[in-house]
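S.K.: These came from Swiss-Prot, pasted as-is:
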type: CARBOHYD; residues: ASN52; note: N-linked glycosylation site
type: CARBOHYD; residues: ASN70; note: N-linked glycosylation site
type: CARBOHYD; residues: ASN181; note: N-linked glycosylation site
type: TRANSMEM; residues: 266-286; note: transmembrane segment
Amino acid sequence: PVLQDFSNKGTLWGFVPFVDEQQPTEIPIPITLHIGDYNMDGYPDALVILKNTSGSNQQAFLLENVPCNNASCEEARRMFKVYWELTDLNQIKDAMVATFFDIYEDGILDIVVLSKGYTKNDFAIHTLKNNFEADAYFVKVIVLSGLCSNDCPRKITPFGVNQPGPYIMYTTVDANGYLKNGSAGQLSQSAHLALQLPYNVLGLGRSANFLDHLYVGIPRPSGEKSIRKQEWTAIIPNSQLIVIPYPHNVPRSWSAKLYLTPSNIVLLTAIALIGVCVFILAIIGILHWQEKKADDREKRQEAHRFHFDAM
């Protein structure tokens, strides 16, 4: 079970209870898990606000999605593990809301925390950079609305804004050759300070293989029977895909724009490629220089031979 109390060094931490008052002194925030794959392993992690049950302190904590190791989660085979010793998060006292956001647009989810300020009506925003470094890959997908404010002009594809409700799913092959798939929904909640990501970051783990298939579906009007779904193939890892479902009822006409996300892996690959080219050029230069010296030596020997023959 997720909604349970957690114990750490004799201290009991639990979710902040929702207080329904007639005249609340502060904004009541219901229990909310903000989901995001911070380590790009393909399993959704969570950020939560926990309160010390024996005191008044409440903090933001990271819950990592890990394999199950007890009997309470055998059927799900996964569980959330609380990270208690994250120094930067622990320094933020009286946290109210914590969520994920890709601040640097590099596909790695950072953390944004809203906490109480020095006065009663004052709040502070904290941003924490995710320094996670691993040989992991991702694909970032955002599905737009494909709408115009008025009639859409001809030969111009309308972008619109990100819409709630789309469903994204991919299939690929992992590093061991096994079939792997993953899925996510876009903007499934809008109320109660949901603060969900405006896009979907799907972790691929350590598999650098292309995505064999990526499916995108959008909600259909009530009474319509046709499925609004389109498929794209051979999607490059560490890329961002912007899907424009226009027109909505003709999935074959939907378009997608693919943007590559620069990363350290690309830089290291370029450096390695340049190094190999320089090494090959150095070998070619040395061989050419040796061959030139050998040719000069042969020419001198030929000149001496003709000179002695003339004598």
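Yeah, the Cβs are placed from backbone N, Cα and C, and that goes for glycine too.
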S.K.: For the transmembrane segment (266-286), could you work out the same-chain residues 6 or more beyond its ends whose Cβ comes under 8 Å from its Cβ atoms?
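M.R.: Distal contacts: 238, 260.
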S.K.: Judged by the number of other CB atoms within 10 angstroms, which among ASN52, ASN70, ASN181 is the least packed of the glycosylation sites?
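M.R.: Looking at the glycosylation sites ASN52, ASN70, ASN181, the Cβ with the fewest others within 10 Å is that of ASN70.
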S.K.: In angstrom units, rounded to an integer, how far apart are the Cα atoms of ASN181 (N-linked glycosylation site) and ASN70 (N-linked glycosylation site)?
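M.R.: Rounded to a whole number, the Cα-Cα distance is 26 Å.
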S.K.: Tell me the Cα distance separating ASN70 (N-linked glycosylation site) from ASN52 (N-linked glycosylation site), rounded to the nearest angstrom.
M.R.: 24
